[in-house]
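The following features are taken from TrEMBL:
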type: DOMAIN; residues: 2-132; note: domain 'K+ potassium transporter integral membrane'
type: DOMAIN; residues: 143-291; note: domain 'K+ potassium transporter C-terminal'
type: TRANSMEM; residues: 7-26; note: transmembrane segment
type: TRANSMEM; residues: 32-54; note: transmembrane segment
type: TRANSMEM; residues: 66-86; note: transmembrane segment
type: TRANSMEM; residues: 92-109; note: transmembrane segment
Amino acid sequence: ETKGQIYMPWVNTVMMVGCLGLALAFKESSRLAAAYGIAVTGTMTITSILYFYVTRYNWGWPLWKSLLPTIVFLFFDLSYFGANLLKFVDGGWFTVTVALLLSIVMVTWKDGRALLAKRYEDARVPVEVLLKDIEKYNLVRTPSTGVFLSVSPKGTPITLLHLLKHTESLPQRVILLSIVSANTPYVAQRKRLSITDLGQGFYRIIATYGFMQTPSVPEILEIASMSGLEVDIYSATFYVGRETVLSTGTAEMSRWRKELFAFLARNAWNVSTYFNIPPNRVVELGSQVEL
């Protein structure tokens, strides 16, 4: 019964404070019921719409096969939802307000990450170009292994370019690690890694995880070792980026949304914690990005 469930104390605390605040603010159970009714029927309506999109565009069902059940579902869902909307001023406004605020936060985060990825993509250097420069200028290579986390499975990570710029040297063995999310809940271990030898001590690892799985760098390197690429996690150095988002750029996003995204980025989970990287083996390289 408890498999797949987790306990997060701060989430429970927030929910407790929220529930107590709602009870004190609404005072009457009838007004609280109005907010609850819109929440439930609104969720049912959205679920029916998502059902159509999943069956039609993800599963490839014919239009009639996706549309018929959706029409039946929406007939009942919209009837209940419309009836509950009459209680908007009696407490339903709270549910709609919270839904709008959460939607703004999620859409802003999604759009901000897309703009950030585009900025990095524009500054990215093809690996082939970097390898030619290394051979041409005979760069210093230190006897170590460096693992560079990269958002994109193509090109050169910005963290590697920053290290090269400031130290004018690179580790003897460089591993470019990208973690990709699949559209399936689980990816089998035997299908998880793609390892490519790029030459001159450079390797690219692309690790694919399902959306129900939690990526783990130690696990990735263990699988890589079994595949022939020996990496000792306790002797390798992991280079991760720490970007500071500035809202002074020319990106197509309103200023207040840029400020919101910058706030969310500052309070996001640390990469090394999320990917279970030993903290004493991590080097963070900072950069400022204008949106």
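For all residues, glycine too, the Cβ spot is worked out from N, Cα and C.
Remote same-chain partners of the transmembrane segment (92-109), defined as residues 6 or more beyond its termini with a Cβ less than 8 Å from a stretch Cβ, comprise 22, 26, 34-39, 42, 84-85, 257, 260-261, 264. Outside the transmembrane segment (66-86), and at least 6 residues removed from its termini, the chain residues within Cβ reach (under 8 Å) are 34, 37-38, 41-42, 44-45, 48-49, 51-52, 55-56, 92. For the domain 'K+ potassium transporter C-terminal' (143-291), the DSSP counts in helix, strand and coil order read 42 helix, 55 strand, 52 coil. Counting residues 6+ beyond its ends, the transmembrane segment (32-54) has Cβ neighbours under 8 Å at 22-23, 26, 66-67, 69-70, 73-74, 77-78, 80-81, 83-85, 87-88, 90-92, 94-96, 99 in the same chain. Over the domain 'K+ potassium transporter C-terminal' (143-291), the average per-residue pLDDT in this prediction is 88.
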